[in-house]
Amino acid sequence: MPAFDEALQRAGEFGRFQRLVFLLLCLTGVTFAFLFVAVVFLGGRPERFWCRGPGAAALAERCGWSAEEEWNRTAPAGAGGSCRRFRLEAAAAPANASAPACADPLAAFPNRSAPLVPCRGGWRYLQARATVVSQFDLVCGNAWMLDLTQAILNLGFLAGAFTLGYAADRYGRIVVYLISCFGVGVTGVVVAFAPNFPVFVVFRFLQGVFGKGTWMTCYVIVTEIVGSKQRRIVGIVIQMFFTLGIIILPGIAYFIPNWQGIQLAITLPNFLFLLYYWVVPESPRWLVTRKRGDEALKILRSIAKCNGRYLSPSCSEITVSDEEVSNPSFLDLVRTPQMRKCTLILMFAWFTSAVVYQGLVMRLGIVGGNLYMDFFLSGVVELPGALLILLTIERFGRRLPFAASNLLAGVACLVTAFLPEGTPWLRTTVATLGRLGITMAFEIVYLVNSELYPTTLRNFGVSLCSGLCDFGGIIAPFLLFRLAAVWLDLPLIIFGVLASVCGGLVMLLPETKGIALPETVDDVEKLGSPHSYRCGRKQKTPVPGAAL
């Protein structure tokens, strides 16, 4: 009696059906990348801003100033903007004979210096594009609120990892995926038309929850419907679509003049994914583990037909574990020695990848320049990482490239921190190698994580471990900027240590090259032992009604 992987091999491990489903679900990576990094364009800092008091407002109306003229004549001198304003109320009163002239409002004050007072509202902006900052006045004392919006999004990712990861293992992959796509679309539209900042923050959190559901669930689906030899390809290529989203986003932002338009442009495509209801089936591997053999068999026959294969009705039954189906919990991930080791190491790997990756991205952004071109190039840098993984992961296995990429990132960060300041080209080159290394590590951890958990715990396990990625994303900005205030290169030392330690720890993980996806905890415990299996499975109890 064949195991599920053997039955899938007969139906076709990566035939026409899998290629179609894979391509469709890969598009989710593009939209998730939009959500992940869009704050760079949604929350761009205005070129110039100032506080408009009652006196300045009266003068602007009386004199018919443009925004540019008002900035030049009433805003305190300073680069970009000022958090204080000139007190012009008394001098601007029509009854006051010494009212300043429209040509030079400060001429009426001694030494052309009007009193400066704190701003209580009435912000004005000179900018080519409207952003979240100008919409909700996130400047000066409220500037930290823009960082809060990204932290809230990552909190949403974290909540989605726990809730929707659990739901996908209990209620099915595709139903959670479709609900998540609908949720991302609805909450994203509300974010675009949020009437105030609290509404914006609440629905950005919810968009993070559903966004994590779409990304993690689609990743699990594509790895479960293909054979073990194809998992390395689909696991890496789907993340190349994430990189594609990073490359596309600056083009979208360049041609749309306001943040609401950008938000709608990156949100509305999620509604198109609801059409997958008629194209993408439930994961047959998940159905088998839930004792729903008839449904799994029906899907396998559809896959075989689309792939030009034939499953004979006289074939044996699909064999699965005779363990009772139970709902996943965190204890299942740490109850046995091998599962516990994998879970703890993978959590640290996710955390390290997020902190170092986002830290290096933000650090490169400090140098300034053309935002759209710099962002585009930062995405292009990630493409060689995916290609290197595809070239090495099957030849050398998972562990060695995983460890080497982390070590490359760690060493590059440490070297960059101690390079002389007078060699910017060398520092940039070495830092780019670090970005390449951590990008590879980030992409490999997805693949390794899905291969080290059994089917009954896979979605929950991947979601839970990747929750540490979201936690890393929350603290990365604070870690970077707080430490940089002490010493500009201090964050690089922290990044280097984290990545280097991670590179050593991942070598303790079992190798999964060429190994069939584990279906039970017992299968995971046998990984790395002589009892590991590559082509077949131990005979198990057949699912009633699942004869081929």
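Glycine too: its Cβ is placed from the backbone N, Cα and C atoms.
TrEMBL has this to say about the protein:
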- 21-514: domain 'Major facilitator superfamily (MFS) profile' (DOMAIN)
- 20-42: transmembrane segment (TRANSMEM)
- 151-168: transmembrane segment (TRANSMEM)
- 175-195: transmembrane segment (TRANSMEM)
- 201-222: transmembrane segment (TRANSMEM)
- 234-256: transmembrane segment (TRANSMEM)
- 262-280: transmembrane segment (TRANSMEM)
- 344-366: transmembrane segment (TRANSMEM)
- 372-393: transmembrane segment (TRANSMEM)
- 400-419: transmembrane segment (TRANSMEM)
- 425-448: transmembrane segment (TRANSMEM)
- 460-484: transmembrane segment (TRANSMEM)
- 490-509: transmembrane segment (TRANSMEM)
Counting Cβ pairs under 8 Å that are 6 or more apart in sequence, does the total for the transmembrane segment (175-195) and the transmembrane segment (262-280) reach three or more? yes
One stretch in 20-42, 234-256, 490-509 has more Cβ pairs under 8 Å to the transmembrane segment (372-393) than the rest, namely 234-256
Recorded stretch that, among 20-42, 400-419, 460-484, has the most CB pairs under 8 Å to the transmembrane segment (151-168): 460-484
For the transmembrane segment (490-509), distant same-chain residues with Cβ under 8 A (at least six beyond the ends): 341-342, 345-346, 348-349, 352-353, 355-356, 359-360, 363, 398-399, 402-407, 409-414, 416-417, 434, 437-438, 441, 448, 452, 479-480, 483-484
